[in-house]
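Undergrad: After the structure tokens below, expect a handful of questions from me.
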Ligand code: CDP
Ligand code: CDP
């Protein structure tokens, strides 16, 4: 039987790291849905029309290098505003969510739009300053030249665009467990996430 874990949250809240650890813990598959939008954003930067690019996207395109840079993140949040782009990506995400053996999907609208019936829902957040610091450290570690103020401005701009769009905005589902990781390290955040999923499992199977 399928079991879907929906993990949403803003940029650098830790949802990707938590999702990977949760998927490993339960031996579930993991889909980082941000990569879908990043791949479409990459193609827009390369001159393609975003809706056509979203319709033509293949699973193997998500493994492409170069999707984790700030320029592509901004392009991703711009194409993510287009309802036809979002619509083109729905079926792939829903099919993944229902794969046998369980699935973790992380993004912005998994618990609200893609998988409103997910058995477990988490919304991971942290202050913009903490998130920008994490992303800045990560970019530096990967050799990307930037400064903290630029990353903070970038984070705020993307938060605003993602939260204010009409179609599938960044929003905690009413039935999501909200986890503020501002003062948590990764180990504590993963433990809290697993405890919340265990509780949801006990509720649905208990
Ligand atoms: O997927 P998302 O953009 O939400 O964040 P991430 O890629 O999981 O995390 C961004 C960076 O913050 C990574 O380098 C994590 O190791 C770090 N992080 C952290 O230091 N403490 C946390 N509680 C969560 C994430
Ligand atoms: O890791 P980070 O949170 O910085 O970004 P991401 O999850 O890779 O998402 C990049 C952009 O894609 C976001 O800023 C959103 O605009 C968009 N996105 C979305 O609209 N819906 C999703 N389910 C996932 C990402």
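Here the Cβ of each residue, glycine as well, is placed from N, Cα and C on the backbone.
Pasting the feature list from TrEMBL:
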- 9, 10, 11, 12, 13, 14, 15, 16, 17: ATP binding site (BINDING)
- 55-196: domain 'Cytidylate kinase' (DOMAIN)
Undergrad: Select the most exposed residue of 9, 11, 13, 17, where exposure means the fewest other Cβ atoms within 10 Å, treating these as the binding-site residues.
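TA: Candidates: the binding-site residues 9, 11, 13, 17. Fewest Cβ atoms within 10 Å: 17.
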Undergrad: Can you go through the binding-site residues 11, 13, 15, 17 and pick out those with a C-beta less than 6 angstroms from ligand 2?
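TA: By the Cβ criterion, which requires under 6 Å to ligand 2, the hits are 11.
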Undergrad: Using DSSP and collapsing to three states, where does residue 15 (ATP binding site) fall: helix, strand or coil?
TA: helix
Undergrad: Could you find out if DSSP has residue 9 (ATP binding site) as helix, strand or coil?
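TA: Its secondary structure by DSSP: coil.
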Undergrad: Looking at Cβ-Cβ distances, which residues of the chain lie under 8 angstroms from residue 15 (ATP binding site) while being 6 or more apart from it?
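TA: Same-chain residues close to residue 15 (ATP binding site) (Cβ under 8 Å, separated by 6 or more) are 7, 8, 9, 106, 122, 124.
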Undergrad: Other than 9, 10, 11, 12, 13, 14, 15, 16, 17, which residues of the same chain sit close to ATP? List them in sequence order, counting a residue when its Cβ is within 8 Å of the Cβ centroid of the site.
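TA: Along the chain, the qualifying residues are 18, 106, 124, 126, 131.
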Undergrad: Summarise the domain 'Cytidylate kinase' (55-196) by DSSP state, stating how many residues are helix, strand and coil.
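TA: In the domain 'Cytidylate kinase' (55-196), the DSSP-based counts are 78 helix, 15 strand, 49 coil.
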